[in-house]
Amino acid sequence: MAAPLDMEPSALSLELLPTDPLLLILSFLDYRDLTSCCYLSRRLNQLTNHDPLWIRHCKKYWLISDEEKRQRNQSWKAIFISTYRDLGRYIQYYATLKKAWDDLEKYLGQRCPRMIGSLKESVREEDLDAVEAQIGCRLPEDYRCSFRIHNGQKLVVPGLMGSMALSNHYRSEDLLDIDTAAGGFQQRLGLKQCLPLTFCIHTGLSQYMALESVEGRNKYEIFYQCPDQMARNPSAIDMFITGTSYLEWFTSYVNKVVTGGYPIIRDQIFSERFPFCRYVHDKECVATTGDITVSVSTSFLPELSSVHPPHYFFTYRIRIEMSKDALPEQACQLDSRYWRIINAKGDVEEVQGPGVVGEFPIISPGRVYEYTSCTTFSTTSGYMEGYYTFRCLYYKEKFFNVTIPRFHMVCPTFKVSIARMVSGDFYWTQSGCVLCQETSHNEYAVDEDEDSTDTDEYEERRRVLDIPTPSGRCPRHT
């Protein structure tokens, strides 16, 4: 007998689905919804214990590998739950930061394994809580999460955050452990409620993170301090911004390291001691003339720069390489250099001189010559280009030019100090963010190409943060 036409079909319940399609549905749920299903019914409670459902979550949020799972001898669900109990508050950051640390460790292990020994083991939650109580400020969750993976590094050379050397100026930044950072926490005017993230024992340079939105800074902004040299008030501190959050700052740095953005330099200056250097290499900044290729990396030096007066200090490292397939008679010697320097107004300065950094290197098939020099700008960016003149060794009367590719140097975003002196009285003004105004790369540069590449390391100075920032002048003028 047919069913009455006015009867409505009963609603389909998940409980009525066969096991396989129900497990398939559950496999698409996030861990929160999957956990909630445990409390809906006895059958769903049983099905959510199906171990394969938790594989994706363990790998997505905790980066647990199959090998680690075998070593722990636990089910996937048990691993997820136990890890969540320990690190659950960081679940939105953990995978990103853990991958960054893993990538960095892999990179270091292959190229500079000695630095692995400088990394400290993770800290406990109670250690981080104790630091917050000590400084009276909350630490950002991404910062805490990173230190649950590694507690920074020991104060050693080379530093994890990269090294560079120019003439008698040397910098190597360590990533501070939590106790050292807490010891350098600032409450003085100009750096109020700022926590140091890095430290260089040679220059006293640190990168700070603002733990509160005070003195014109955004909360969790990361910066290099830069004293206003035109202000009478020592608390007038400008800032070169290097990150908007710890997560962005650390992961972007690691990405540059592991993708070759910061080159490894193994010549006699840096050798094995300096595994990667804070020179940024633009892969397009390469020019080949015949068998000779010239490439350039650049670096901004905040410790030798200032906003007031405007003085922006850059170094550039040039690599000259002759193809290993070149004929032996192609060997040549660098005779002179020519620079064309352009400013934002379109003014052109031309500089010509013998050799480079007082040397006249010989280039032969397969040989590489590298040197470092510097330039200063009175404005926030500029570019240089030019050529080298080489003399053939086989045909002694033959000279030829080799192109130096155009390379741009741009000051990081900066903020000016909001502290000013008026009639001897101290006052605050919310001046807001001052970005680099020029988007053009045409600004004034002064060529300093004759700096020596020899390095004289500074003697180790007093510990963190009582060390004054060096004046913003080229080292050869000091």
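Just so it is clear, glycine is given a Cβ too, placed from its N, Cα and C backbone atoms.
Just so you know, TrEMBL annotations are computer predictions that nobody has curated.
Some features that TrEMBL has for this protein:
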- 445-458: compositional bias 'Acidic residues' (COMPBIAS)
- 11-57: domain 'F-box' (DOMAIN)
- 286-416: domain 'ApaG' (DOMAIN)
- 445-478: region 'Disordered' (REGION)
Can you count helix, strand and coil residues in the domain 'F-box' (11-57) using DSSP?
31 helix, 0 strand, 16 coil
With DSSP as the yardstick, break the domain 'ApaG' (286-416) down into helix, strand and coil residue counts.
6 helix, 84 strand, 41 coil
PLDDT averaged over every residue in the domain 'ApaG' (286-416):
93
